Each structure stands twice: as structure tokens, then as C-alpha cells.
Amino acid sequence: MLPPGDDWSLVDVGESDTTVYRRGEVFAKCCGPSGVAELAAERDRVEWLAGTGIPGARVVDWLESSSDGACLLTSAVAGVPGGALPPSSYERAMRGFGVVLRELHALTDCPFERPLASVIDVAADVVRRDAVNPDFLTDEWRLLKPSELLDQVVAESPYVESVLEPVVCHGDACLPNVFFDPQTLEVTGLIDLGRLGISDRYTDLALAAIQLHDEWSADPAPFFEAYGLSEPDSRRLEFFRLLDPLTWG
Ligand SMILES: Nc1ncnc2c1ncn2[C@@H]1O[C@H](COP(=O)(O)OP(=O)(O)OP(=O)(O)O)[C@@H](O)[C@H]1O
Ligand SMILES: [Mg+2]
């Protein structure tokens, strides 16, 4: 579906068959008929987060048609995405990122769940369809078959279940989805909330930490310090790092 009216400029064609447009202070995330349920789920999460005090966008409008699909219109989040910050900002931005995840993870009464078993089911489906994107894998992982990577995840999951710490997670806590005030380096908003829900806190910590390492070549220590974790569990960092790339496709 296209957003209503003229003057929209194309921003991004996303991983999950959605297209994002901008017009002034409004973003439109649009999908075809097969994507409506997923986009409606994102709309509900944007609405929920807006009532919590954690910064994010507001839902401006929702348009749906049975033949064309849907469009989610949201308010533009101020600031710049994490991926666009200069290196001189990294240290303070890591702290801002740690603080906002600590606050998000402290929220209660979230109606959305993302149980580990369901995420592993998604990964199993992506692997079965041979749809794993090799660009998301490390050189080391690319030496193995996706089914072998999935076997590793399944083998490690009893450990993760045994220490599970369910909190409200963003679910795709990568730098382009976190906006910062370029002066204060506090977080101005979280976007792309399709996977927000209750899951183990390391869902977010693993993705955030690997992004800081890969994109910023940064030691994530200030991030973990601001989050309030002195000794991160490396087994869970590894686990969620490997699980995530198997869930897209
Ligand atoms: N409300 C918003 N405020 C500011 N920027 C936004 C907003 N919504 C979307 N964007 C911009 O559009 C880009 C794509 O949006 P979003 O991440 O929601 O889409 P996506 O389809 O999930 O994309 P991807 O798969 O690349 O993550 C974002 O990275 C961001 O730059
Ligand atoms: Mg995104």
C-alpha cells in the first residue's frame, strides 16, 4: 500500500517486506496484504510504548485495506540514529543506550510476549526454507550449515531457559533503531518495535553489545556499566547473537 497523498519521499525498503516513507514530521511504514498482521502488531507496540514514558514515536494514523495492505503513520522521532553518530560521541552514547535499555527492561504490565520457544520456532522455519541471509553471519558461522547453527541454538537453549530473566525487550536493539540527541547523547526514541515483548534481557543486550563492537569498534563496558551489569553472562550473549540472524528471512 502507498501512503495517502503526495510528497512522500522513500526512506527505506526494510527486511520484512515493508517500505518506509517520510513527509515532514511523519513517517509511513507500509506493507502489502500479507504484512498487515505484522504491521498491526507493530502499531500496537508503538501505542503501548508511548504510554510508558520511554521515548519513542506516536501513532499518527493507521490505514488498512483488504486489497492493498496497510500503512502505519508515526511521528518523527527527534535526533539522529545511532548509526549516524561521530566517533567522538560513542562513549556517552553507549551510556545513553545502556540507560534506556535499563529503563525499558524495568517496565511492568507489558501485554506482549516473545517466548524463547517461539523465537526458536521462527529460526527453525527460516532454516527449513533455506532463507538465512549469509550477510548476517560471521565468517566462522558461514563455515557451518544453517541447520548446524540451529542445532547449536537448540542444544544451548536449556541453559538459557534455566537462567531466564524475562523483561520487556525491544527485540531489535540495533543502532539504526535508537535515536540520540546529538548534544546530550541521551536517547530521544526507540523505533522499529515489531519485536517488542517480554523475553530474556540478553535478547537486547547481545544485539546491542555486538553492534557496538562491529559498528563502532567499541568496548561495550560503558554500555553495560550504564545498564547496571558488572559481569555479563557471555553464554547468553553468544546464544542470542547466534539466534538473531537465524530469525530474519
Ligand atoms: N518514527 C520515526 N522517526 C524517525 N525515523 C524513522 C521513524 N520511522 C522510521 N524511521 C526511519 O526509517 C528507517 C526504517 O524504519 P524501520 O526501522 O521502522 O523499518 P524496517 O522496515 O524495520 O527497516 P529495517 O529492516 O531496515 O530495520 C529507520 O531506520 C529510520 O531511519
Ligand atoms: Mg529498523
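Glycine is no exception: its Cβ is also placed from the backbone N, Cα and C atoms.
Feature list (source: TrEMBL):
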DOMAIN    9-238  domain 'Aminoglycoside phosphotransferase'
ACT_SITE  ASP172  active site, proton acceptor
BINDING   ASN177, ASP192  Mg(2+) binding site
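Cα spacing between ASP192 (Mg(2+) binding site) and ASP172 (active site, proton acceptor): 8 Å, rounded to the nearest whole number.
Most Cβ neighbours within 10 Å, among the recorded positions ASP172, ASP192: ASP192 holds that distinction in the structure as shown. Around ASN177 (Mg(2+) binding site), a 10 Å sphere centred on its CB holds 19 further CB atoms from the protein chains shown. Across the domain 'Aminoglycoside phosphotransferase' (9-238), the prediction's mean pLDDT works out to 97. DSSP assigns ASN177 (Mg(2+) binding site) to a helix in the three-state reduction.
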